[in-house]
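K.L.:
My questions all concern the structure below.
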Amino acid sequence: MVLFSSTTGERHLRANDREFNLSFKYAFLSTCGFISMSRVCSLQNNAIKTSKYNIFTFLPLNLFEQFQRLANAYFVFLLILQLIPAISSLSWFTTVVPLLLVLCMTLAKDGSDDINRHKNDRQVNNRRVDVLIDGKLKSEKWMNVQVGDIIKLENNQFVTADLLLLSSSEPLNLVYIETAELDGETNLKVKQALTVTGDMGDDIDTLAAFTGEVHCEAPNNRLDKFTGTLSVQGATYALDNERIILRGCTLRNTEWCFGLVLFGGPDTKLMQNSGKSTFKRTSIDHLMNVLVLFIFGLLALMCTALAIGNSIWEHQEGTSFTAFLPRQEGANADFSSFLSFWSYVIILNTVVPISLYVSVEILRLGNSYYIDWDRKMYHTKSDIPAQARTTTLNEELGQIKYIFSDKTGTLTQNIMVFNRCSINGKSYGEVVDFSGQRVEITEKTEKVDFSWNPLADPKFCFHDHSLIEAVKQGSREVKAFFRLLALCHTVMPEEKREGELFYQAQSPDEGALVTAARNFGFVFRGRTPDTISVVEMGISTAYQLLAVLDFNNVRKRMSVIVRSPDGRLTLYCKGADTIIYERLHPSCSKLMEVTTDHLNEYAGEGLRTLALAYKDLDEAEFEVWKVRHHEASTTMEDREAKLDDIYEDIEKDLMLIGATAVEDKLQDGVPQTIEQLSKADIKIWVLTGDKQETAENIGYSCNMLREEMTEVFVVAADTAEGVRQELVNARKMMSPGSPDEPPVLKSGIIGKKSEEVLDEKVEGEYGLVINGHSLAYGLQEDQQLELLRTACMCQTVICCRVTPLQKAQVVELIKKHKKAVTLAIGDGANDVSMIKAAHIGVGISGQEGMQAALSSDFSFAQFRYLQRLLLVHGRWSYLRMCSFLRYFFYKNFTFTFVHLWYAFFCGFSAQTVYDEWFITLYNLVYTALPVIGLGLFDQDVDDRWSFRYPQLYAPGQQNLYFNKMAFVRILLHSSYSSVILFFIPYAAIQDTVRDDGKDIADYQSFALLAQTCLLIAVNVQLGLDTSYWTAVNQFFLWGSLSVYFAVTFTMYSNGMFLIFTSSFPFIGTARNSLNQPNVWLTIFLTTILCALPVVAFRFLLIQLRPTMNDKVRYKMRQDKAVLPPLPRRFPRRRISTRRSGYAFSHARGYGDLVTSGRFLRRNVKSRPTLFPLAESPVAESSPQIYRSIDGTQSSKQA
């Protein structure tokens, strides 16, 4: 009996007793606004809530969040200043209009996002399920299901909540569930109810009278673990994870089952794994915050200096003007200086324009649409497009340094394909031409015709016709090979209709092998506890099953002993080649050498291999062994060890038949994608729940691990000291001179200091494989840096048997100690914590489950789209955002600094250089669209050249395009331009007259000339910054200039002055000034002087220190923008001595269950096929049809 104390947060509930369970308030739904899991205002039900706002809280909460942004609060402060007449040098509308625009755009965007979340919540919460209430089954909404309710689920139905399985329609109260929503796996898993509850069956009266009490653990996110007890009629039964069905699963191949609700709503393990949503901000956002603080300091410094200048001027010169400009009562020079400070704060506020934030949101939204609209990231087969679920992280995609990937469902399809085999020293599976040369297998390669076999799987593909010929010619060795595959397994067949077979296998590998035998004429048709039925080349044959010598992790093999119809006793064995070779008869030595060469070749291609052998048994020998086996299997002490010894005695002097090679089918393009990302200097870590051998094998298949690597370290120690020593030894081997203390770079400001662990130089390429147990020690506080140093020295890191929490901890470790941007990609609920922990979360969406995609920032259907997301969209977004920010700061600093120089000529009186309307429209109209065009359409090279040269991605990782030094350069450039734009027009217009002798040396003419020079100069700079011109860019640029002149002539017209005299004082200035040649000569001169240093500097830089970007663009122009075709690459044939010999479950098999007969289905009424052949998600992409009954091998540790 398992006991819990109240201090552990145990859960206590009673079946069919809502009043009793309500007193504990277990399942909580917030009614307190955006705090979605509040345990203050709560109701007990099964509803989930992922939305942030409701109709009452939306406006105040959203505005509260927006004004937490420093810039928005700053502009409200400016607005208040502008409402004070004594210091207001600009009209209030110059701030109100852009501020309202920003707030409204953000309100609309956040409101739209939250409406979608509300819709998703309602869709889930309003699903229907049958609930046992007052002795009757009633259809209820999911949201109304409560803890302690008994519910009925039917075939293909989603599991409503976390349930204790009570009974089912299947033998032994088994149910089959698909956990795709949780871990991305489509092979079925089996759960079993306790006998005491299973006996209730579907008797409603008995179920309604059930009052069992459950004591169990508090809600948590461990998908693979459950601890509790069930008390029924004074007896207590232990509960573990095998009795629990989790929300997010789907009931398969089971007509019905009943379950007791243990956890509901946010308490379910699915929702617990969803984790806390954090507001993600890009590295550019963080840099912008620092720069904005610096700009505020610069603004305060400039305003202070100008205020001091005003005080000095008032003392020295101001008294001369008091005769005709008398001061107000109580005002003096010092007070005037104080007012001047705040007036300059208003005038110079354009150093941080609010339109910057409007434009940034527009750019991010636009670049997000590019991802949504990209047809090259659309998966036709599943009809799933790429989706940017978060619109604020686009440029971060261009700075990724570390990728953390799940394996099953992300890199692989969790589908095994029978690919190659070796039979009696001959290798099959390759296709060769008439000259004996190997031919690459493509979709157009002719397939073997299995139409002669009515029981063949129509989805199975094989291309080597020589194997089918050998079968038809009756080769004894080939027949023995496929007979072994048809007999030596624990697969369960299901035949819904005549000839339509479905295999339920413990692992996808085993299903693939049995399916291969099926297609080559040895069809496994059915089994009883004592027999196996096989159709051999059209002839039905029954073999007597005498024993199953089951697989476990130590034996690494399984055997069956059968009696053929002619009375011959045979032991068939399959397993890891090293294990089988140790037990072969000496006469097999030559065949073993040839088979070993084949196995090395298969392993070099990343295939999973098994060796096959058999032994003819003597009747008398077997009878003696059978007695010993019975004694060992019934002993109470050391049963496992004694059985292993008994197995060893009979599994010797085996005769080798051959070997199989199964491909753990990768998603399309995975190796190429990983290769491209590696060339871009992106490090890829695989974090998987799979076993070490499986994870390693996929590492080699994906070319992440390679035979050419200097060393692949395996860390598998069971103690903290052992793990530390293995990590230190690996580090010393990679870098013998590595110091004991890690090299650290300290940075940051007071209160927010950070330490970055620097990369260390390594000679050669290394890989690291570490299991979850060792990783737990490595993640301890005192060993984190050692783990980090060793892992970061390696080219590839694979962490296996890791939990969802450990996945997130690994990501957090990199984020904490490396100034690098991280990306996590996965497809199941066990990847959600990792996805949310990383800077960027990517979900694989499709038939494998949507939990990861719903929690991600970006989603698509195939892993291969990741290279386009990063190398094209990410790089372009980063490039565009940096170009945008550099230009935006330049144009606004230049605009603002002109006021600074003018202050020395206007007595520091806070008078503006430009017309008030120009100040209002400069960022909103005159320069808004051209810079947005730059941020939306600019690109240095097209997508094809981005793929050809992945090294172009490096500047984003190093943050070269926009950083603090780039900002300083912008300040210096703007200072130079502002000097030109003020003093050249000032000198040119001083004492100048028109052609007709009229004076134009007035303030209004100077203001018009200065602002026209400014606008043309910044537009020329925009042209220099633009790498890729489109019709839209041209329209925005010339259109904005046209609008400026049109607005200027309109506002400076007589009509506007007569209608709004005080608002449009610049009457006639435009037509008096802009028709003079010397004015246009001044505009031309200032433009040339502003642009010339930029052109000269860039020319010298390209000539003396060209970047990779410059070289590629030059090559692109040399090739006249025609990309040379990629060389066609055939897969390299490589030989490897490393192979994975696991084509069956990594846990103990179901041999005992098979031979007991308890697993066989009792006669139940006919049920419709769960997965018709044409609709099965596995069948559509796999040559074989099977369903797993355990899936332990490929299942992921939750």
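Every residue gets a Cβ built from N, Cα and C, even glycine.
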K.L.:
Identify the region 'Disordered' range according to TrEMBL, selecting from 380-400, 1136-1156, 1178-1198.
P.N.:
1178-1198
K.L.:
Could you tell me what the rest of the chain brings near the transmembrane segment (290-313), counting residues at least six beyond its ends with Cβ under 8 Å?
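P.N.:
Residues 70-71, 74, 333-334, 336-338, 340-342, 344-345, 348-349, 351-352, 900, 903-904, 907-910, 964, 967.
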K.L.:
Near the Cβ of D827 (Mg(2+) binding site), how many other Cβ atoms are there if near means within 10 Å?
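P.N.:
Within a 10 Å radius of the Cβ of D827 (Mg(2+) binding site) lie 34 other Cβ atoms.
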K.L.:
Tell me, please, if the transmembrane segment (1006-1024) and the transmembrane segment (884-905) are in contact, taking contact as 3+ Cβ pairs under 8 Å between residues separated by 6 or more positions?
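P.N.:
Answer yes: the transmembrane segment (1006-1024) meets the transmembrane segment (884-905) with 3 or more Cβ pairs below 8 Å.
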K.L.:
So which residues does the transmembrane segment (917-937) touch in its own chain, when a touch means Cβ under 8 Å and the partner is 6 or more beyond its ends?
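P.N.:
Residues 90-91, 93-94, 97-98, 350, 353, 355, 359, 362-363, 366-367, 880-881, 883-884, 887-888, 891-892, 895, 1007, 1011, 1015, 1018-1019, 1022, 1025-1026, 1028, 1030, 1032-1033, 1036-1037, 1039-1040, 1043-1044, 1047-1048, 1051, 1064.
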K.L.:
Taking the Cβ of R801 (ATP binding site) as the centre, count every other Cβ atom within 10 Å, in any protein chain shown.
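P.N.:
Other Cβ atoms found within 10 Å: 20.
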K.L.:
For the transmembrane segment (966-986), give me same-chain residues lying six or more residues beyond its boundaries with a C-beta closer than 8 angstroms to one of its C-beta atoms, as numbers and ranges.
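P.N.:
Here the qualifying positions are 291, 294, 882, 886, 889-890, 893-894, 896-898, 900-902, 905, 913, 1006, 1009-1010, 1013-1014, 1017, 1082, 1085-1086, 1089-1090, 1093-1094.
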K.L.:
Could you give the residue numbers and ranges of same-chain residues that sit at least 6 residues beyond the transmembrane segment (341-360) on either side and whose C-beta is under 8 angstroms from one of its C-beta atoms?
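P.N.:
Hits for the transmembrane segment (341-360): 69, 71-72, 74-75, 78, 81-82, 84, 87-90, 95, 98-99, 101-102, 105, 292, 295-296, 298-299, 302-304, 306-307, 881, 884, 888, 892-893, 895-896, 899-900, 903, 910, 912, 919, 922-924, 928, 931-932, 935.
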K.L.:
Between T408 (ATP binding site) and D831 (Mg(2+) binding site), how far is it from one CA atom to the other, in Å?
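P.N.:
Distance between the two Cα atoms comes out at 11 Å.
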K.L.:
Check the Cα-Cα distances from D831 (Mg(2+) binding site) to the recorded positions D406, G689, R801 and tell me which is shortest.
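P.N.:
Going through D406, G689, R801 one by one, the Cα closest to that of D831 (Mg(2+) binding site) is D406.
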K.L.:
Would you mind reading off the Cα separation of N830 (ATP binding site) from D406 (active site, 4-aspartylphosphate intermediate), to the nearest angstrom?
P.N.:
9
